[in-house]
Amino acid sequence: MQAYFDQLDRVRYEGPQSTNPLAFRHYNPDELVLGKRMEDHLRFAACYWHTFCWNGADMFGVGAFNRPWQQPGEALELAKRKADVAFEFFHKLNVPFYCFHDVDVSPEGASLKEYKNNFAQMVDVLAAKQEQSGVKLLWGTANCFTNPRYGAGAATNPDPEVFSCAATQVVTAMNATHKLGGENYVLWGGREGYETLLNTDLRQEREQIGRFMQMVVEHKHKMGFQGTLLIEPKPQEPTKHQYDYDVATVYGFLKQFGLEKEIKVNIEANHATLAGHSFHHEIATAIALGIFGSVDANRGDAQLGWDTDQFPISVEENALVMYEILKAGGFTTGGLNFDAKVRRQSTDKYDLFYGHIGAMDTMALSLKIAARMVEDGELGQQILKGQLSLGKLAQYAEQHHLAPVHQSGHQELLENLVNRYLFDK
């Protein structure tokens, strides 16, 4: 089979002085950072959907890309052609993982029976590709938001037949993820929210999605899946308001339904922006609450109110993110998935590489800066030890006539310190 990316053998590390746009300047997979290989710290993944499914269409224009697998033809054969190109890309980019939605890799078909048959065939194709390439599945998920039947939600839909269709997709995608050795399974409620409260029963919808998640957990244990279940927070789009608004909201939901020990979060940078938070805030909050799982590494635009899904380029932002992750012990089953897409005007097929290479270098440099912060310990925080009751603390304060003086937070000093790590050689 002829290679699609025929002008490239493989992206390799050439060092900071390289001017080759198809080489890494900072990402050296085997470089040791805090005693661990850089590849093992970062656990990079490329996503199927933006990279191979999006045809360049937007709200104001038709598809701008000329991808061979997006032309008219027999659906399964085109899906297999897409898989050929995808794994060629993963191998040449040198990423250890990939991620997918069910209908990214397989034709949906005209019925649930067709959906399951098509997906089963494509899972076999993907398994062979993984075996051949050594690329592994970071996580799988089900697309329960694109089909018109999910217009009023999937797990929150008031129609039990729609709810059942969503359950079918999720159980099938979970089984596929398990078979392919996936390390996580993601649940993103793209339409689990509302457009107006005039036709929405908030209590019922919350109870429905709570029960749905409980069933997902039950199925995980029944099938023996050892990976991590992840919810991906997002405040809005496509709905006006989504129930998984941000990390703190998801934690409250998990606590309500007794799931806080079973499900963690997959945090996307652009979703943090839409929620009015920094990416740093969402990561730190998840770690503090004990539900940090994985990351969708991208960036949004603070001036725009929608998901732009651009590649990350800010070392300043991501060094602080990687600092939080390193302090917490690093990833376990999670990783850095690039939920990002080239711009509509980027029609050259090698633009896919340019976007990912820049993003991987950004995260690699961020990791190295974060490691220096951890090693130096200047940004370390005191760890509370021991336990005292509120009454004993009050008694202590009275006996010792405490009159503490306000201590400076030194924000400016700390910001300057971060800049030293970022910009000093």
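Each residue, glycine too, has its Cβ placed from N, Cα and C.
Quantities reported herein were computed from a predicted structural model and do not represent experimental measurements.
Among D339, D348, D351, only D339 appears in Swiss-Prot as part of the Mg(2+) 1 site alongside E232, E268, D296. Note on D339 (Mg(2+) 1 binding site): other Cβ atoms within 10 Å of its Cβ, all shown chains, come to 25. The binding-site residues recorded for this entry are E232, E268, D307, D309, D339, and the Cα of D339 lies nearest to that of D104 (active site). With all protein chains in the displayed structure included, the most crowded Cβ environment within 10 Å among the binding-site residues E232, E268, D307, D309 is that of E268. All protein chains included, D296 (Mg(2+) 1 binding site) registers 23 other Cβ atoms within 10 Å of its own Cβ. For the recorded positions H101, H271, the greatest number of Cβ atoms within 10 Å around a candidate Cβ is found at H271. The two recorded residues D339 (Mg(2+) 1 binding site) and D309 (Mg(2+) 2 binding site) have their Cα atoms spaced 7 Å from each other. Residues E232, E268, D296, D339 make up the record's Mg(2+) 1 site, and a Cβ search at 8 Å around their centroid adds W188, N266, I267, A269, N270, H271, V295, N298, N337 from the same chain.
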